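Visitor: Taken from TrEMBL, the feature domain 'ABC transmembrane type-1' covers B:64-278. What TrEMBL lists as transmembrane segment is B:14-40, B:60-91, B:112-134, B:154-176, B:197-218, B:224-245, B:257-279.
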Amino acid sequence: MTRIAAYGTILLGCLYFIMPMIGMAEFSLSMRRGVYSLDAYRVVLADPQFQATFTYSLVMALFTIIFGVLLVVPTAYWVQLKMPKLRPVVEFVTLLPLVIPAIVVVFGYIRLYNTSGWLPMTGSVMGTNILLMFGYATLALPYMYRAVDTGLRTIDVATLTEAAQSLGAGWLRIMATLILPNVLGAVLSGAFLTLAIVIGEFTMAALLDRPAFGPYMQILGANKAYEPAALAVIAFAITWACMGLIQMVSRLSKHKRA
Amino acid sequence: MAQQSAIVAQAQRWVGLVPFIAFTGLFLIAPTLFIVIGAFRTPQGGFTFQNILDLNTPTILSAYWVSIKVSFLSALLGCLIGFAMAAAMTLGGISNRVKSPLMTFSGVASNFAGVPLAFAFIATIGPAGLITMYLRTEFGINLRMYGWNLLSTWGLIITYLFFQIPLMILIITPALEGLKKEWREAADILGATRLQYWRMVALPILFPSILGTMALLFANAFGAVATAIALTGPSLNIAPILLYAQIRGDVLGNPNLGYALAFGMIIITGAANTIYIVLRLRAERWLK
């Protein structure tokens with residue numbers, strides 16, 4: 001009885017989740033009247049705008065990940081090793097992007113770093129790109145920091161550091177050859193999550209006027225019928241791939257430790 | 001000499017935090033503070049409460065109100081449905097072969113927000129969507145005649161549930177798994193019925209987790225901009241869309257009023273998150 005009720009609940013819930021998936025898949029295949037075809041995908045993939053914006057967002061994601069790793073790994077390591085008392089404070093700061101809506105943060109950027117400010121980042125294309133990358137880094141900060149911090153807790157940072165130092169290693173060497181490889185699984189999890197967040201991000205890119213994939217999708221959605229559904233399928237596949245990779249990485253790194 | 005080296009050592013300990021402090025200070029805290037301070041300033045730079053008072057217009061109040069309604073209802077429904085599914089999964093004897101893909105899917109769906117999510121729902125229950133068309137051609141039911149419109153408050157709520165329910169499942173499943181078998185057995189031995197066990201043992205323990213997660217879901221929906229814009233365009237008057245339009249083109253005709261609008265959003269999401277943190281600390285007392 002309980003079992004049947006349980007399966008019933010799950011089935012009903014799954015129905016809600018499956019319908020939009022079927023809806024968007026069906027819609028994306030119906031560009032040609034009467035038969036299913038991949039026309040919508042063909043049109044989207046051949047669109048130079050698609051290629052340009054998708055590449056732009058991919059490159060932005062890559063830089064965000066590199067920047068995020070360079071910022072988070074040394075910080076989390078340092079807090080763990082030297083200032084464990086500060087951990088709650090640092091953790092609180094890293095969680096702030098979940099509290100402050102992204103639209104408010106980017107609003108602040110536009111007013112604080114415009115051409116009349118003391119740091120006119122929005123004055124040049126490069127400056128705006130960097131500003132957007134910093135914005136993405138704040139969005140990813142809660143996930144990246146938590147992943148790396150959890151990873152660091154599983155190793156004995158103090159002993160490893162002492163051992164490395166007594167063998168004559170400097171800080172750079174400790175970070176690159178000791179800490180980073182040990183938390184690689186956590187770093188990769190954070191990286192794929194960052195990719196999933198950045199690739200379709202809309203608000204920051206649109207308000208900073210950068211040609212990213214999110215605003216492109218929104219504009220296409222306002223003007224076309226079938227292409228947006230194809231884009232939704234592609235975006236869903238990317239999210240799915242990122243999550244799959246995270247699972248794979250965590251399974252692999254668990255295996256190695258055991 | 002010794003004192004000096006102590007100061008040097010102290011300074012050296014802070015060196016490692018400089019990049020983090022600089023980055024979060026410049027690109028997270030300073031921009032937010034700028035908005036907060038701007039909400040209390042006149043265009044000339046003096047201190048004022050006028051901007052906050054000026055929020056009291058029908059358009060802005062209704063934008064906040066609709067936002068709160070959408071966020072609250074999607075959080076409430078997300079909590080109830082997510083809890084039912086998580087309870088079915090953990091306590092209903094569902095095999096792991098079903099459970100683990102469902103958890104993975106929850107991870108994906110809770111991150112599948114924004115523009116593509118809106119597209120998926122337009123393709124399904126939009127004016128020309130799969131379900132809409134199917135009902136019309138097969139059963140002659142015109143959803144529009146029954147007052148259904150995806151580009152409305154309820155359309156927004158149903159769409160938001162797609163990331164709210166999975167988030168609830170992800171957060172509440174560990175709490176449900178933390179219910180100890182011994183508590184159940186103890187209640188059984190004392191002659192409690194199932195209902196009594198739930199009413200007097202399980203729910204009081206889970207309650208802070210459930211309520212806390214609901215606050216988190218509320219904040220999650222309140223700050224969502226992309227899904228709403230892609231779904232309804234600028235037509236629906238909710239707080240994030242109004243702020244978006246204000247940043248783009250100063251539709252309120254007063255930049256400082258824009259700061260006040262953003263400040264109001266920070267207050268609301270901040271309050272929701274505070275509730276979440278406080279309740280989570282309470283929940284951790286029992287669920288270790």
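Quick reminder: no glycine exception, Cβ is built from N, Cα and C everywhere.
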Visitor: Out of B:14-40, B:197-218, B:224-245, what stretch is closest in contact terms to the transmembrane segment (B:112-134), meaning most Cβ pairs under 8 angstroms?
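Guide: Per the Cβ count, the answer is B:224-245.
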Visitor: Return yes if the transmembrane segment (B:154-176) and the transmembrane segment (B:224-245) have at least 3 CB pairs under 8 Å (sequence gap of 6 or more), otherwise no.
Guide: yes
Visitor: Restricting to CB pairs under 8 Å, which listed stretch, B:60-91, B:197-218, B:224-245, B:257-279, is in contact most with the transmembrane segment (B:14-40)?
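Guide: Stretch with maximum Cβ contacts: B:257-279.
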Visitor: Does the transmembrane segment (B:224-245) come near the transmembrane segment (B:257-279), with 3+ Cβ pairs under 8 Å (pairs 6 or more apart)?
Guide: yes
